[in-house]
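A.B. asks: I have a structure I would like to understand better, so I am pasting it below and will then ask my questions one at a time.
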Amino acid sequence: MDKNDYLHFERNPSLFPKSTLDKVQKTKKYIEHYYKVAVDHAVERNQRRINLEQRLATERGSEERKNRQLRASGEKESQFLRFRRTRLSLEDFSTIKVIGKGAFGEVRLVQKLDTGKIYAMKSLLKTEMFKRDQLAHVKAERDLLVESDSPWVVSLYYAFQDSLYLYLIMEFLPGGDLMTMLINYDTFSEDVTRFYMAECVLAIADVHRMGYIHRDIKPDNILIDRDGHIKLSDFGLSTGFYKQDQSASYMKPRTGNTVKRGQMVDAIWLTMSSKDKMATWKKNRRVMAYSTVGTPDYIAPEIFLQQGYGQDCDWWSLGAIMFECLIGWPPFCSENSHETYRKIINWRETLTFPNDIHLSIEARDLMDRLMTDSEHRLGRGGAIEIMQHPFFTGIDWDHIRETAAPFIPNLKSITDTHYFPVDELEQVPEQPVTQQPASVDPQTLEQTNLAFLGYTYKKFNYLTMKGAL
């Protein structure tokens, strides 16, 4: 046969239909993910073996004992491999009570059916996360919780998904959150404030150590454990991590009646007594926590101004929370988010301290140095700058988690939820909605599922504990 009789085929992807190209990209992503996960797990497994061998090499003991530990480690790895192949689903958990609600998700107290263990289950609606371009934030939250070994960050045990939701199965902290405490107690003494702010400093410093910026530090996200100590949560909820389009909407100039309403609100707010301000803030606080916009009261001005920001933006938030603990309301609170934003941007004129509330020189100085320009903000050079401030004199930074907390939850059972606003969440369904809305087309659903590829996670150290599986 003459070589000219051969049919030469030149691959030209531009001639393929879009549906074919989409399938190719989808298949490519799935294959890449499969091998990446396999390699990552092999590397982690090998590193655990190396760490164990190095530890055993430094310990005294017989070779027989060391060999037993190595064999036990191998059995645990095999157990973990088997468990990794099982698929978790919503059916593996039963809801005890709804304990929290966000704009696009919920937090439930749940029990794992096969072990009886109690967890907090956070669910996020995938279509909303996808539509609102929250993919990076959702991934950042999951990745931080996976990487964290900090006692100051809520522990993540499992992450999984179905066609509707993303699920994070985390430790349940029965003491509620700092927002609930502030609503119940109005204000804290300086000693109590000192304790909580010191623990917040260490918690934020740990987040920064892992290479993250929280950007949404607020009382709602500071949880209280059974011993009264704090842990940070919510590293990517839609009500936090303000995006550029949200910031831009705040910056639109107000016209017509809107300006007059804002001016009237400010006039009324300025004539309120401290007691009235506190009551007004408490009345509106829960509503703002549940809204799609959230509350900007604790956000640093540089985040709104899109000037670029660093880890020190979290220290501004700490100053705003400290103000609320001592005064009874945040420093820039208003009747609406636009007014709050305006006040934060113009903080030099709007940051004032009420004359009828006594503050020590040290407390006032610390707040002034936290809520200031980023260039001069305390903590810009690291958490040590804040830890050395005179307000924290007497704090045992190395052992603060071992000291008695000023408030220890009085719990009647491991499922006690009376520190959560469960009465306000009665309208939330007992079980998450499991049917896909008719308005969601199959192509969007397929894109959404592909976007969250790799979200699943199971914690090795926890799963291999005795009785954890």
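Using the three backbone atoms N, Cα and C, a Cβ is placed for every residue, glycine included.
According to Swiss-Prot, the record shows the following:
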- Asp216: active site, proton acceptor (ACT_SITE)
- Ile99, Gly100, Lys101, Gly102, Ala103, Phe104, Gly105, Glu106, Val107, Lys122: ATP binding site (BINDING)
- 93-392: domain 'Protein kinase' (DOMAIN)
- 393-467: domain 'AGC-kinase C-terminal' (DOMAIN)
A.B. asks: Using C-alpha atoms only, work out the spacing between Gly105 (ATP binding site) and Asp216 (active site, proton acceptor) and round it to an integer in Å.
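C.D. replies: About 17 Å separates the two Cα atoms.
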A.B. asks: About how far apart, in whole Å, are the alpha carbons (Cα) of Ile99 (ATP binding site) and the residue listed as 'active site, proton acceptor'?
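C.D. replies: Ile99 (ATP binding site) and the residue listed as 'active site, proton acceptor' have their Cα atoms 20 Å apart.
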A.B. asks: Whole-number Å distance between the CA of Lys101 (ATP binding site) and the CA of Asp216 (active site, proton acceptor)?
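C.D. replies: Cα-Cα, rounded: 16 Å.
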A.B. asks: Rounded to a whole number, how many Å is the Cα of the residue listed as 'active site, proton acceptor' away from the Cα of Val107 (ATP binding site)?
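C.D. replies: A Cα-Cα distance of 18 Å.
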A.B. asks: Which residues does Val107 (ATP binding site) neighbour through Cβ under 8 Å, counting only same-chain ones at least six apart?
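C.D. replies: In sequence order, the residues whose Cβ lies under 8 Å from that of Val107 (ATP binding site) (at least 6 apart) are Val98, Ile99, Gly100, Lys101, Ala120, Met121, Lys122, Ser123.
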A.B. asks: For Lys101 (ATP binding site), name the DSSP secondary structure in the helix/strand/coil scheme.
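C.D. replies: Assignment for Lys101 (ATP binding site) reads strand.
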A.B. asks: Which whole number is the mean pLDDT over the domain 'AGC-kinase C-terminal' (393-467)?
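C.D. replies: Here the predicted model's pLDDT, averaged over the domain 'AGC-kinase C-terminal' (393-467), is 74.
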A.B. asks: Which one, from the recorded positions Ile99, Lys101, Gly105, Asp216, has the smallest tally of other C-beta atoms lying within 10 Å of its C-beta?
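C.D. replies: Least crowded of the recorded positions Ile99, Lys101, Gly105, Asp216, by Cβ count within 10 Å, is Lys101.
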